[in-house]
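Annotation comment: TrEMBL describes A:12-15, A:36-38, A:70-73, A:93-95, A:122-126 as NADP(+) binding site. Under the heading domain 'Meso-diaminopimelate D-dehydrogenase C-terminal', TrEMBL lists A:123-276. The substrate binding site feature in TrEMBL is assigned to A:149, A:174, A:200, A:250, A:277.
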């Protein structure tokens, strides 16, 4: 085996922790350090890791093969993606769908100039789900596509709940409507409104003395977040919130129902059932870090998405081994 | 839109017919002709198609962009793959797993010398299932993999039934054991024997006066084909065989159940539910014909498998359009 791929991590939230763990599961990878904007010393020797300040990255240009960017899409990545791809091969999970084309262009400029590979917008959606949408549409050119998410915690919706007056804490689950998924699996291709595809379940801790009915009303009628959905609000104690709702499960389904020949029905389905959304996303990022490293070794540069990367690059196995064992 | 991709088909069985139909669903493709070893005139003007003899292909080198080889893996493709990739970009569905490495080398030699691209062993297994095995294993490096087939007609097993003395006709369905799949979906990772994964259901037409019990015994005890499985044999009439068993449904599941972090369970599942196996396989071949054409245009040559081809090549849409619409 050749030398391990040297990985740097920027950001140490849930995703960054997941990447640390995933690197430990892949013997062809080695963690150089975790780079943070906080005071590195504040982490002590947590997990036996090396913490460094992001401003030190400059000195690591020749010591890191791929930098995995674990910041958020709202404010971190729009700065970090274009900046770090000037010096490193990078991988990120930028997921603001509407801004992907613009983000791609910026990162592409940096990475092309630097001769580096920057894999953007990977994870499971965008990422694995996108690949499945593309492949299913390319194979069944006449058909209907469905993406369902959940059951899983939506961070954005949970934040929205917590901003309601009188709310002390809470969490929101996006729940796909299984009856509809079953219909599609049976070959039906219904046109579905937002309300028919997903439910929203809120678990809320109210402040002492708060009017629960008023909180409920405010949540279910909130535009963009809840008003287009059937939303349930269940009041629970702080203890229950901590005990029963501290995990971050997620998942979902991509289904294409198409026809070939004379109305022959063909159904392709891809699904994920995840006990931890950030740990799974991290595992996807690490596999794409391997791809970024190998593509760059072969002379590739510029921004890449999951659409641009052949599956074989994700595996530590050789092409001959893959043909023999997995084809 | 640029000029259509010009496709030739070699072989006009179920798969070849499926390819004709799939080309009709893809406006960026155009069928030049169907090449057969039989007497082309014997097809008349079936489906308004142009039938030509395979020996005429020589004259079509500059008039066909991609040749889709629709022969069988036992005797047709081992000859046709290495031969036609000397003159054309090709796509085939070679599925004799044990011989793939050898077949790859032969086709690769021809295609490299000719400067052509030859996509081998595509379809759904090998093909889409292989991609999913590879990606799931690369992402969840600690885990267990399961592939189930069916419910679907197995041609090889149906042929085996028909060779039994006293049998006039018959068909065999491979049926996955759903209880086991449900266990795996719930997070269990059982070690499964052959018998625990699939059942075999045989529908048999006996010759007049034949001993049905003897036929049943001979089928269920047949080594390699049936003896390792729970096999049911149901005797039916010729009329029932024609009426109820003339379709070629198939499908299956690829499931990987893995762990990340501290024993966090993550499950990836890919499944197909197909009313027609050959029509679906044909649709996959046609999407990969697009990829072969584009890769060759970019200067690539040699044998390729689904592992070597980035998803974006399968779609008629531009990379920018894919990022905007499907990522």
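FYI, residue positions are counted from 1 along the chain as it appears here.
Cβ atoms here come from the backbone N, Cα and C positions, even for glycine.
Bear in mind that TrEMBL entries carry predicted annotations, made automatically and left uncurated.
Positions of the features from TrEMBL, shown on the structure.
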{"residue": "A:15", "record": "NADP(+) binding site", "Cβ contacts under 8 Å, 6 or more apart": "A:70, A:93, A:278, A:281, A:282, A:285"}
{"residue": "A:38", "record": "NADP(+) binding site", "Cβ contacts under 8 Å, 6 or more apart": "A:12"}
{"residue": "A:72", "record": "NADP(+) binding site", "Cβ contacts under 8 Å, 6 or more apart": "none"}
{"residue": "A:94", "record": "NADP(+) binding site", "Cβ contacts under 8 Å, 6 or more apart": "A:73, A:77, A:78, A:81, A:100, A:103, A:120, A:121, A:126"}
{"residue": "A:123", "record": "NADP(+) binding site", "Cβ contacts under 8 Å, 6 or more apart": "A:93, A:95, A:281, A:284, A:285"}
{"residue": "A:174", "record": "substrate binding site", "Cβ contacts under 8 Å, 6 or more apart": "A:149, A:150, A:151, A:152, A:153, A:154, A:157, A:198, A:199, A:200"}
{"residue": "A:250", "record": "substrate binding site", "Cβ contacts under 8 Å, 6 or more apart": "A:149, A:150, A:151, A:152, A:153, A:272, A:274, A:277, A:280"}
Max CA to CA distance in Å over the substrate-binding set A:149, A:174, A:200, A:250, A:277?
18
Averaged pLDDT score, the domain 'Meso-diaminopimelate D-dehydrogenase C-terminal' (A:123-276):
96
Of A:72, A:126, A:250, A:277, chain B-adjacent binding-site residues (C-beta under 8 angstroms):
A:126
Count of other CB atoms lying within 10 Å of the CB belonging to residue A:149 (substrate binding site):
19
Check the DSSP secondary structure of residue A:250 (substrate binding site), expressed as helix, strand or coil.
strand
What's the number of neighbouring CB atoms sitting within 10 A of the CB on residue A:12 (NADP(+) binding site)?
21
Using DSSP and collapsing to three states, where does residue A:72 (NADP(+) binding site) fall: helix, strand or coil?
coil
Other than its own, how many Cβ atoms are within 10 Å of the Cβ belonging to residue A:126 (NADP(+) binding site)?
24
Using a 10 Å radius around its CB, how many other CB atoms surround residue A:200 (substrate binding site)?
22
Count of other CB atoms lying within 10 Å of the CB belonging to residue A:277 (substrate binding site):
24
